[in-house]
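As annotated by Swiss-Prot, signal peptide applies to 1-19, with the evidence given as sequence analysis. What Swiss-Prot lists as region 'Disordered' is 28-57. As annotated by Swiss-Prot, compositional bias 'Low complexity' applies to 41-50. Here Swiss-Prot flags C93 as N-palmitoyl cysteine. Here Swiss-Prot flags E157, E158, D163, T193, E194 as Ca(2+) 1 binding site, drawing on similarity to another entry. As annotated by Swiss-Prot, Ca(2+) 2 binding site applies to E158, E194, D197, D199. The cholesterol glycine ester feature in Swiss-Prot is assigned to G266; the stated evidence is similarity to another entry. Positions annotated as site 'Involved in cholesterol transfer' by Swiss-Prot, on the basis of similarity to another entry: D312.
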Amino acid sequence: MDNQTVAAIWSCASATCLSLDAKRHSVETNTNDRQAPPGLSNSNNNNNNNKSTAVDADPRKLRHIAHTPRGSCFMALLLLLLLALNFRHAHSCGPGRGLGRRRERNLYPLVLKQTVPNLSEYMSGASGPIEGVIQRDSPNFKDLVPNYNRDIIFRDEEGTGADRLMSKRCREKLNTLSYSVMNEWPGVRLLVTESWDEDHQHGQESLHYEGRAVTIATSDRDQSKYGMLARLAVEAGFDWVSYVSRRHIYCSVKSDSSPFISHVHGCFTPESTALLESGAKKPLSELAIGDRVLSMNGKGQAVYSEVILFMDRNLEQMQNFVQLHTDSGAVLTVTPAHLITVWQPEREALDFVFADRVEELNYVLVHDATGELRPHRVIRVSSVRSRGVVAPLTREGTIVVDSVAASCYAVISSQSLAHWGLAPMRLLYTLQSWMPAKGQLRTAQDKSTPKDATAQQQNGLHWYANALYKVKDYVLPQSWRHD
């Protein structure tokens, strides 16, 4: 929005306020006439008519009306509307200059022997480690839950109902997948050929023994559908999916008690660095509110943006991270639920993808020596456990960390929705920056206090981010969340 547009809107807002208050003044005058005693009616009517005419004619009184409490209220409301119009939501266009437009997302089927993510099933970035076999007399048997979803066919060859038993997380993902199958192929239902196994018919380290794995197919046994079935399983939220055989798909999930699930938000490591506008690199643990760091705008171009708050900051917490290694040598370390910018060359568009769903041969945006963000191939995906989490939020909603472009958001798959969800915090930061007293106080503090003291004051999850995380389970569909 340019300055001329802002000036035009502001002029219209001022004129509207004056008109509304003049009308209110006229209505109040007429009300007083109706309430006056009979003996004074005629004289008061004449006087009030003269006053009304004066209001319409005298610009000094018009200016006075604009400063009445009601006029100030209207002016404040219109100012807020003007600010809202000035907000820009996040787009996903091509990186650099003019490299395409965002299109609808298409789902691509998996190929035979492909796994998502491309990690060992037992790594923390996938379904996680084995916890132990569950028998009917095991204390953990009570943690298994039956699945009576009528949209799912359970083969149950044993006749004991064992195939209906599974972990809570597995049941949740399986139910989500069943809806996707019916939407994709009307009249076809999801077929579960194996779930919890008590007869030890699988390998020694199978997650079937814990109720954390299912073997699935479609009810029509059409093998041409299985590649897309595997993709739908990935979209449903299974933590590890394998197109293991032409006859079926294998899926598994993390343990219900995994601490990896409890940490729902997304962060970077404290040792990761951001590039300041001055050209210096700064560890995220030392980053402060007000620092201008390298980010990405809605056109996929490199820009500098202010840090307005920290979504989370805890330098002592142990956490599992995903590491994305690129062919340029850049390595990004981030929590699995964090959104990463992934370039889709076949569609010439950018997608925001959860870090644990980025695969080898995908392209991410890397800040290179030319000063621009360019696509580079991911050559390896690994996992690591480290201490400390830091999640800065910039005004753009993106940040370049260790030379790799990433979102500031996590947990939900929509970058635009997450960016709008934080609009109140951006507005609050803007209003605070306009306050002279606040600016003078900040200037005085800068002379006597290290700049990173702002960041040092916070330890833990920001109250607003925490509120959004709690609300998301009630207002967002499961397919939009990283669960």
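Note that Cβ sites are derived from N, Cα and C of the backbone, with glycine treated the same way.
Distribution of Swiss-Prot features across the structure.
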{"residue": "E157", "record": "Ca(2+) 1 binding site", "DSSP (3 states)": "coil"}
{"residue": "D163", "record": "Ca(2+) 1 binding site", "DSSP (3 states)": "helix"}
{"residue": "T193", "record": "Ca(2+) 1 binding site", "DSSP (3 states)": "strand"}
{"residue": "D199", "record": "Ca(2+) 2 binding site", "DSSP (3 states)": "coil"}
{"residue": "G266", "record": "cholesterol glycine ester", "DSSP (3 states)": "coil"}
{"residue": "D312", "record": "site 'Involved in cholesterol transfer'", "DSSP (3 states)": "strand"}
Residue among binding-site residues D163, E194, D199 with least C-beta crowding, 10 angstrom cut-off: D199
All-chain count of other Cβ atoms within 10 Å of E157 (Ca(2+) 1 binding site): 11
Which recorded positions sit within 10 Å of D197 (Ca(2+) 2 binding site) - Cα, from E157, D163, G266, D312: D163
CB within-chain contacts under 8 A for G266 (cholesterol glycine ester), separation at least 6: V334, T335, P336, A337, H338, L339, A355, A391, Y409, A410, V411
Integer Cα-Cα distance in angstrom, T193 (Ca(2+) 1 binding site) to D199 (Ca(2+) 2 binding site): 14
Rounded Cα-Cα span from D312 (site 'Involved in cholesterol transfer') to E158 (Ca(2+) 1 binding site), Å: 49
CB contacts for D312 (site 'Involved in cholesterol transfer') [other CB atoms within 10 A, all chains]: 25
E157 (Ca(2+) 1 binding site) to D199 (Ca(2+) 2 binding site) - Cα separation in whole Å: 12
CB contacts for E158 (Ca(2+) 1 binding site) [other CB atoms within 10 A, all chains]: 13
Residue among binding-site residues T193, D197 with least C-beta crowding, 10 angstrom cut-off: T193
